[in-house]
Amino acid sequence: MQEGQNRKTSSLSILAIAGVEPYQEKPGEEYMNEAQLSHFKRILEAWRNQLRDEVDRTVTHMQDEAANFPDPVDRAAQEEEFSLELRNRDRERKLIKKIEKTLKKVEDEDFGYCESCGVEIGIRRLEARPTADLCIDCKTLAEIREKQMAG
């Protein structure tokens, strides 16, 4: 696997992918105004495009690297590498769907509010995780419930 293809995406790299600086709120500025929606639309579109490029590179890499190794160990190693790449791409495919769902919310001007309680999620949280659909309090409660159900 090529270096850089398997990196974790932090909030700073998401902003860097989009080529934008963290949003600077102005005093008294209305939450999720046109400028903020545009800011997040740029971030989400750039992130989605970067993930799509990763998928395309994986397909090309797998086609270029596919070889019928006579040695079973070499063949097994290649199959394991391809399997790992496909699992990563499957996760990215699911993330692309979530990004597209979030872009629809931006278009509908329904972005940035908690789906559970309706409060503002907040600019900084959304820059860290643009697909967040719960405020930090509701997300914390959901995680506590999830742990209780699992344990």
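Using the three backbone atoms N, Cα and C, a Cβ is placed for every residue, glycine included.
Features reported for this protein in Swiss-Prot:
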BINDING   Cys114, Cys117, Cys135, Cys138  Zn(2+) binding site
COILED    34-54  coiled coil
ZN_FING   114-138  zinc finger
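Close to the recorded Zn(2+) site, the chain also has Glu115, Ser116, Gly118, Val119, Ile121, Leu134, Ile136, Asp137, Lys139: residues not among Cys114, Cys117, Cys135, Cys138 whose Cβ is within 8 Å of the site's Cβ mean position. Under 8 Å, Cβ to Cβ, and six or more positions away along its own chain, Cys138 (Zn(2+) binding site) finds Cys114, Ser116, Cys117. Looking only at the binding-site residues Cys114, Cys117, the densest Cβ neighbourhood within 10 Å occurs at Cys114. Annotation for Cys135 (Zn(2+) binding site): same-chain Cβ neighbours under 8 Å, separated by at least 6 residues, are Cys114, Ser116, Cys117, Val119, Glu120, Ile121, Gly122, Arg125. Mean model confidence for the zinc finger (114-138) is a pLDDT of 97. According to DSSP, Cys138 (Zn(2+) binding site) sits within a helical segment.
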